[in-house]
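Going by TrEMBL, these are the annotated features:
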DOMAIN    65-441  domain 'Cation/H+ exchanger transmembrane'
DOMAIN    504-628  domain 'Cation/H(+) antiporter central'
DOMAIN    644-790  domain 'Cation/H(+) antiporter C-terminal'
TRANSMEM  50-73  transmembrane segment
TRANSMEM  85-107  transmembrane segment
TRANSMEM  113-134  transmembrane segment
TRANSMEM  146-167  transmembrane segment
TRANSMEM  248-272  transmembrane segment
TRANSMEM  288-320  transmembrane segment
TRANSMEM  340-358  transmembrane segment
TRANSMEM  370-390  transmembrane segment
TRANSMEM  428-450  transmembrane segment
Amino acid sequence: MMVSTMEPENVLVFGSMPKTQMIQSSHLVCSNFSRLTNASVFYSSSPLTLMLPLLLLQLSLGSAAILVTFYLLRPFGLPLMLAQVLGGVLLGPSLLCRIPGLLNMIFPIRSFLLMDVVSTMGFMFYFFLVGVQTDIWLLKKITKKSFAIGFFSVAVPMILTLGMSLLWMQFNVNPNEKKKVDSLPEIAKAESLVSFQIVSYYLSELRVINSEIGRVALCSSMVSTLCSTCVVTSNILWNQSKDDLSRFFQSICYGIIFASLVCCILGPLLLWEMKHTLGGQPLKQGNLVVLFIAVLMSGFWGHSFGLNIYFGPLLFGLIIPSGPPLGSALVEKLDVITNWVLMPLFFVKFGLAVDIFALSLKTYFKVQFFALLGAFGKFLGASLCALSCQMPQRDAIVLGFFMTFQGVIELDLFRLMKRKQIIGDEAFSAMCLTALIGSGVVALVVPCFYDPSKRYEGYYGRTLAHSRHNSELRVLVCIHEEQNVPSAINVLATLKPTKQSPIAVYMLHMVELMGSATPLLIRQKRPKKLSTRTRGSAPIIDAFKIFEENHDGLVSVSPFISVSPPQTMHEDVFQIALEKGTSLVIIPFFKKFHVGGAVYMNKRSLKIANQNVLDQAPCSVAILVDRGTLKTLHAIWAGWSSSEVAVIFLGGADDQEALALAAKMTGCQNINLTLIRIIYDGDFPDKYMEGIRNDNESLGQFQTNISGNTCAKYWEEVAKDGPGTASVLRTLENQYDIIVVGRRHYDTFPLLSGLTESNENKELGVIGDMLASSDFLGNTTILVVQQHTDNSHSE
């Protein structure tokens with residue numbers, strides 16, 4: 001026989017169940033645990049009478065309900081967190097458990113001992129991940145503007161809601177509602193709080209975390225969270241001390257002592273762990289287990305000190321550096337098991353305590369009023385303060401919306417308030433529904449009201465074709481990993497920097513964000529020491545530094561490091577491109593090919609970044625397809641060996657841009673350039689005439705520029721259709737080190753007929769895809785160029 005201490009709301013919801021005996025108080029439940037397993041339907045025994053099979057069913061139902069809800073909400077752009085909360089509510093008495101007998105069968109009160117244990121374990125690791133993903137160094141980036149926005153985002157709603165609750169209490173004349181009215185100040189405080197983790201989560205889900213307004217919202221929400229933490233912590237400790245000032249300060253001292261012990265005991269363990277991961281080595285299984293044990297022990301120690309069991313894992317997570325290498329490894333290992341296996345039981349347990357049918361309209365509208373008042377206060381405090389800081393009106397309004405988001409942190413606070421009997425069942429259900437509906441509505445409204453990509457609409461960006469001949473060429477080179485460096489530098493080496501036309505290279509190392517809620521865009525100034533998160537960029541920066549030194553002042557390199565999710569990496573690319581006025585962005589293709597054309601590496605997450613850059617870039621873009629290293633880097637830089645470059649010209653704006661890029665390569669003594677024009681053997685329809693005239697003008701200008709140049713030549717090939725074009729391309733077998741080609745061509749172009757159906761990689765276009773996946777080009781590097789235009793071209 002075992003005794004489980006139950007939360008009051010669980011007992012009130014479930015009442016007395018079969019084979020369950022209530023002992024002495026309504027907070028204790030006795031149940032027989034003599035058998036956990038060994039039941040079978042073949043022996044006329046139901047597995048649901050035993051604890052372990054019942055727990056497995058509850059876990060499965062929780063995960064399945066959240067998964068189904070997530071897929072139903074995904075077309076509306078709503079994030080996973082809303083699906084988790086809604087899935088738990090729908091499993092409870094608000095929907096599924098209203099079926100007679102189902103509540104007693106699947107969620108009997110005797111099962112809550114194991115449910116409590118598993119859900120608490122899940123929430124412990126959730127708080128640990130919250131700590132790991134929180135970048136405490138963001139505090140250094142807080143400006144006067146973000147501090148003011150964050151402070152007033154909490155202060156204004158606190159004043160409005162507390163003031164209104166005190167007025168409500170003053171004019172309450174119904175003695176039967178005194179207890180409900182007395183809880184209004186606590187509801188007012190809870191509805192005025194802002195959570196950094198929730199705001200950053202929604203910013204990431206809405207794909208605005210890398211935008212300027214997203215960065216302001218992150219810093220502001222960090223300030224708001226500090227203010228909210230002070231309010232919540234002091235309120236909880238004061239209630240626990242039962243208005244005893246000495247006990248209140250005693251609890252604060254215990255918290256400080258515990259925090260010091262965590263830093264002194266687990267800190268050295270963390271430093272030892274980091275020594276094994278900073279060198280680029282993967283996190284070993286044994287080291288990972290040590291960290292997991294440390295998480296459990298931090299919860300145990302915190303509980304022993306009389307603190308909340310989640311405080312220890314949260315504090316331990318905060319002292320772990322977010323992002324790569326250690327934070328990323330931990331999040332990668334824990335994310336799925338926490339969010340999809342352990343946490344669903346927490347949401348199920350939470351949803352079982354929410355019964356919308358037991359909620360009176362009077363209570364709901366009362367709580368809804370204070371919730372809306374709190375949200376309005378956050379919106380008003382953030383937006384008005386942002387406007388006073390000269391932020392654009394639309395951005396200020398959107399920032400106000402961002403600060404109103406609520407999520408799991410707030411729901412757990414509501415649950416704590418109910419367990420402490422600060423609020424009743426109806427108020428709890430009303431607050432949870434209000435948070436769910438409010439966050440869902442804001443998540444739907446914000447994308448309609450604010451789209452970061454619209455910043456580039458109407459912007460006629462720089463192109464190579466329209467740049468002045470003797471002017472500085474500004475190129476943004478994006479690097480995903482060290483293997484991209486040789487090909488990227490080899491392409492830059494062919495661009496012939498001179499005193500009249502030097503090259504300014506802005507190198508952006510794009511690091512996929514994992515294990516952190518805060519993206520970074522770092523302007524790296526050598527020889528500044530790199531942080532633990534960006535130390536992997538050192539070899540890449542050093543390679544570009546050597547390239548710069550080998551060109552005697554004709555090339556300048558400015559390194560940047562972007563740590564962000566693939567969905568928003570393009571925002572950093574565009575920010576640098578606009579700020580520096582680049583004419584070309586070079587990005588590596590997300591696939592890598594063997595010499596024979598077979599794919600040997602495929603980073604699907606980077607495909608999103610590539611496509612976003614192609615769709616919205618404010619300047620021309622070139623996709624670099626790596627099929628193997630050309631030659632030794634130093635040989636090409638120093639001019640010790642020649643490089644063969646070919647340009648394939650069919651027609652269109654992108655081919656004209658490829659031609660303009662080729663013009664930058666002419667005149668370099670160790671670059672042999674060949675322009676190959678494939679001409680259609682037939683009559684063009686009238687709709688192509690204007691484009692053909694532009695093509696001929698570009699070709700005529702190019703031929704004039706290379707006249708008398710023995711290192712550049714031009715020839716023409718004739719083809720009738722797509723197969724004819726493919727035959728011409730096959731004649732290039734193993735002749736060239738670099739091939740430059742345009743990405744897009746004329747719509748229904750005869751020279752591409754029959755080839756578009758086999759275009760697997762749309763990012764490369766028809767010709768680029770054919771060359772990249774070919775088996776006849778050896779280790780030739782392919783450069784696929786797209787010209788920036790006001791309107792998109794047809795593929």
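The backbone N, Cα and C atoms fix where each Cβ goes, and this holds for glycine too.
Contact check: the transmembrane segment (428-450) against the transmembrane segment (50-73) gives fewer than three Cβ pairs closer than 8 Å, residues 6 or more apart, which falls short of the contact criterion. Of the candidate ranges 50-73, 248-272, 340-358, 370-390, 370-390 contributes the most Cβ pairs within a distance under 8 Å of the transmembrane segment (146-167).
For the domain 'Cation/H(+) antiporter C-terminal' (644-790), residue counts in helix, strand and coil come to 58 helix, 35 strand, 54 coil, using DSSP. Contact between the transmembrane segment (50-73) and the transmembrane segment (340-358) holds: at least three of their C-beta pairs are under 8 Å, each pair 6 or more apart in sequence. Summarised by DSSP class, the composition of the domain 'Cation/H(+) antiporter central' (504-628) is 43 helix, 41 strand, 41 coil.
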